[in-house]
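Asks: One structure follows; several queries about it will come next.
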C-alpha cells in the first residue's frame, strides 16, 4: 500500500473532506475509456451503445453527455391549418425569434396602475370605487363595505339601473364591467385607451399596445409542443409507443369548430421529438421490441411524423409531417441482449457513433481507492439523508468492493465497478447511523449493514437449507400433490 494513500487516510477524518468534481463525466468511476469516448461523442454529436451489466455507470454517462451539447436553439410548434385542420403545419422558431416574440408579448401587456390613479368614472364602472361614498375596494365585492350600497354606477343601465344594482347585489350578480374604453388627448390628436380589470389593479392599454395586440391576433393560432427552454436529456426507458413517438388526443366532439378542440391543440410530442438537439437515452433498448424500427427511421430522416395511435380515436385522422427529431441516441443493454438489437439500428449506431463495452472491475491501486472515496462522498451527497463516513468505515467499503470483484467477476487484486449495489450498502450503513443518532457512519455501522445487506437467496439458503425447502414451506399439501405443480412435472406432462 502506497505512502500517499496512508497519509491521505491519516490526514482526513471523514469523507466530507473529499472534493466532488464539477464535471459530470469525472464523477463516473473507473470507466476511463467510456468517459473519453463519450466526451468526443458529445462534441461531434455521435451515437453511443453502452454494453454492460447493471450498475456500472451507463446512466451516469448518458446524463453527463447532455451537459456538453449546449442548450437547444429551436422551438417546435404546430400551427392550425384552416384549409385542412387534420393536417397542421410544423413551425420551427429559433431562440432569437422566440425571445423577440416574448418581448413583443410583454409589450402588449400594458401598464398596471392603482385603481385610485385611474379616472373616477373608470374606477366606478370597473367596480373598484363606490359611486355613493367614494370608498375603494375589490371589484369582487358587489356591495360597498363602507356604506353597504351597490358599487355599480347608478344610471349606467338606464332609469331602472339602481333597482337592478340592488337586486343584483342581493343575489350575488356583478353589474360592473371588465373593460372600459375612453379617448384621451395625446399631443395634437386623440387616442383610444382601454382600461381592464386585473385582480386588484387596472391594466391600461394605449393605442400602440392595442395595435401590437391586433398584429399578434392576426397570426395563425399555434401550440408549442417542444419548448425552447427544455431539458436536453430525455429518458425513454420502457416507453410506450405513444410516449416514444407522440400522439393526438381524442376529442369526443370530433374536432367540431364550435364544440370540440381543434386538431393542432391535441397534438402531443413524443420522446424522439423532445430530444431534438439533445440526448435520447434508452436503457434496456431490446425491451422496445419492434419500436426499434421507429427509432431507426427517426435517426435516418432526422424527422418523424406525429399521428393518432388509436384507430378508434378522433385523433387517428390527424397527422403532422416532418416534425424535427435530430437527437443523439445513447442506448444501453446487457451483454446477453446484444442479439436482440435490431441489426439496421446497430449498424446505424456503428456508422455514426461508438459501441462501448463497460468495465466491471478496475485495478486495486492507490489512485483507484481514492476514486472509491470519491464515489462514497458522491453517494452520500446525492442521498442527502445520511451523514458522511469515517475513513475506517470507508476502508471496509473498499474491502467489500475487493471481495465482490473476486466473488462475482473472479478477479484478484481488483475493485468492483458494479457500484449500484455498493451504493445501497452505503445507504444502509447511513440509515443505521441515523437510527443510532451517530453524526458519522462508523466502522460498526458498515459491518452491521454488510450483514444486513445480503441477497435474499442467501438468506433463504441459510434459513431453509435449499430453495425447494423454502418453496415447500409456502405451499399446502394439496398444492404439492397436484399434477399441475411444477415440481411434479416432467417432459411427458407436455406430450
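Each position is counted from 1, following the chain as shown.
Cβ atoms are placed via backbone N, Cα and C, with glycine included.
Grabbed the feature section from Swiss-Prot, which reads as follows:
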| type | residues | note |
| --- | --- | --- |
| BINDING | 52, 53, 54, 55, 56, 57, 58, 59 | ATP binding site |
| COMPBIAS | 472-486 | compositional bias 'Polar residues' |
| REGION | 471-495 | region 'Disordered' |
Asks: Would you list the other residues of this chain near ATP - those whose C-beta lies within 8 angstroms of the C-beta centroid of 52, 53, 54, 55, 56, 57, 58, 59 - in sequence order?
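Replies: So the extra residues in range turn out to be 50, 332, 358, 418, 420.
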Asks: To which of the binding-site residues 53, 57 does the lowest count of other Cβ atoms within 10 Å belong?
Replies: 53
Asks: Only counting partners 6 or more residues apart, tell me which same-chain residues put their Cβ under 8 Å from the Cβ of residue 56 (ATP binding site).
Replies: 31, 358, 359, 360, 417, 418, 419
Asks: Find, among the binding-site residues listed as 52, 54, the one whose Cβ has the highest number of other Cβ atoms within 10 Å in the structure shown.
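Replies: Most Cβ neighbours within 10 Å: 52.
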Asks: For residue 59 (ATP binding site), which of the three DSSP-derived states applies: helix, strand, or coil?
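Replies: Helix, per DSSP.
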Asks: Return the residues near residue 55 (ATP binding site), defined as same-chain residues 6+ apart in sequence whose C-beta is under 8 angstroms from its C-beta, sorted by sequence, else 'none'.
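Replies: Listed in sequence order, they are 418, 419, 420, 421.
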